[in-house]
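*Asks:* Feature annotation from Swiss-Prot assigns domain 'ATP-grasp' to 9-242; the stated evidence is sequence analysis. Swiss-Prot lists LYS45, GLY52, ARG53, GLY54, GLU98, LEU101, GLU106 with the feature ATP binding site. Positions annotated as Mg(2+) binding site by Swiss-Prot: ASN197, ASP211. Look at Swiss-Prot and you will find ASN262, GLY319, ILE320, LEU321 tagged as substrate binding site.
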Amino acid sequence: MKIHEYQAKAILAQYKVPVPRGHVAYTEADAETAAKTLGGSVVVKAQIHAGGRGKGGGVKVAKDAAEALELAKKILGMTLVTHQTGPEGRLVQRLLIEETLPIERELYLGIVLDRVQGKPVFMASSAGGMDIEEVAAKTPELILKETLEYPGLSPYQARKLAFGIGIPAASVNAAAAAMTALSKAYWAMDASLAEINPFILTTDGKVYALDAKITFDDNALYRHKELVELRDLNEEDPLEVEASKHGLNYIKLDGTVGCMVNGAGLAMATMDIIKFAGGSPANFLDVGGGANAEQVKNAFRILLSDHSVKAVLINIFGGILRCDTLATGVVAAARDLNIQVPIVVRMEGTNVEAGRQILLESGFNFTVGADMWDAAQKVVKLAA
């Protein structure tokens with residue numbers, strides 16, 4: 001689960017990471033009031049779940065409250081397009097009005113899971129204020145790493161990183177404290193990503209999290225009811241939100257071949273084979289091993305709500321989800337939803353013959369794939 005910058009900063013502040021003074025604004029009047037409260041020049045920052053906001057025109061500096069009001073009028077309600085939003089962009093519905101700070105240097109701090117080690121890794125770099133992926137690709141030597149152990153970064157690791165990215169001796173303790181606090185927040189909140197970019201050093205030697213991003217492990221949210229309340233459904237794809245209500249794992253993609261599969265591994269393999277056959281998947285949809293006919297019907301309804309879908313591939317290996325259960329749900333969906341796109345079905349496993357018989361006797365013109373490759377070729381041809 002993603003949250004907004006201002007929400008991430010509020011969490012970091014609870015763990016004693018220094019953040020600039022700021023206020024969230026939902027209206028133009030809120031923005032003006034916030035700017036007056038802060039006094040002096042302020043930064044007006046669009047709040048969406050995507051990076052690259054500055055380059056897209058979503059971050060502007062105002063010299064006073066009057067200019068902040070004018071900027072708020074322009075940014076609130078705009079569709080902000082960045083390299084992470086795609087061409088459709090995101091509607092800006094809230095702003096962060098924040099004090100400006102005298103920046104001496106921009107640095108980077110971040111924590112992600114190292115899948116090779118199976119442990120979180122703390123990264124720090126002197127190249128802050130830019131995409132860390134670009135830094136990693138072009139100048140990987142600028143990224144320093146320390147493996148994390150519970151409950152967080154040790155004092156010697158924090159100081160090592162602080163000195164390593166060129167923090168002056170007078171500011172090392174403050175920077176190390178912020179790093180340690182960030183690592184503790186990561187552990188305590190069951191985060192999958194915690195990032196401060198840029199982490200700044202001011203002209204008077206202080207450090208601040210000038211921007212912050214935290215992503216949480218969805219599977220751990222049951223332990224953090226307070227985090228669930230931070231979820232902004234307006235920032236999520238409506239179909240993905242609807243799928244989550246029915247216990248379905250759905251991610252919308254840009255292709256034309258709709259996919260319904262049981263099991264994440266088989267779902268990814270299905271998308272791969274569709275690409276290999278010359279097509280493009282419209283979604284990732286894992287109905288899970290324990291799905292019933294009603295869930296299958298809901299999955300179909302969600303899948304077909306995407307009007308870019310020109311054909312559907314159902315790829316099921318019957319285990320806990322028996323093939324006859326899947327077929328019953330598919331037929332029910334076809335009857336209730338007035339399906340107009342061609343459907344290719346490939347089933348193997350428990351009760352496969354019964355499942356095929358249900359499809360055969362349904363009266364609908366389902367295309368049967370002999371195997372995955374045959375099914376992929378057929379569905380790509382039908383979607384063309």
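Glycine too: its Cβ is placed from the backbone N, Cα and C atoms.
Neighbours and distances for these, please.
*Replies:* GLU98 (ATP binding site) is surrounded by 25 other CB atoms, counting those within 10 A of its CB over all protein chains shown.
ASP211 (Mg(2+) binding site) is surrounded by 26 other CB atoms, counting those within 10 A of its CB over all protein chains shown.
The Cβ neighbour count for LEU321 (substrate binding site), using a 10 Å radius over every protein chain in view, is 23.
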*Asks:* Just counting, how many other CB atoms are there within 10 A of the CB of ARG53 (ATP binding site)?
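*Replies:* Other Cβ atoms within 10 Å of ARG53 (ATP binding site): 22.
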*Asks:* To the nearest Å, how far is the Cα of LYS45 (ATP binding site) from the Cα of ASN262 (substrate binding site)?
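*Replies:* Given the Cα positions, LYS45 (ATP binding site) is 41 Å from ASN262 (substrate binding site).
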*Asks:* Over all pairs within LYS45, GLY52, ARG53, GLY54, GLU98, LEU101, GLU106, the annotated ATP binders, what is the largest Cα to Cα distance, rounded to whole Å?
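*Replies:* So the binding residues stretch over 20 Å, Cα to Cα.
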*Asks:* Could you give the Cα-Cα distance between GLY54 (ATP binding site) and ASN262 (substrate binding site), in whole Å?
*Replies:* 40
*Asks:* Taking only the residues the record lists as binding substrate, namely ASN262, GLY319, ILE320, LEU321, what is the largest Cα to Cα distance between any two of them, in Å to the nearest whole number?
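*Replies:* Across ASN262, GLY319, ILE320, LEU321, the two farthest Cα atoms sit 10 Å apart.
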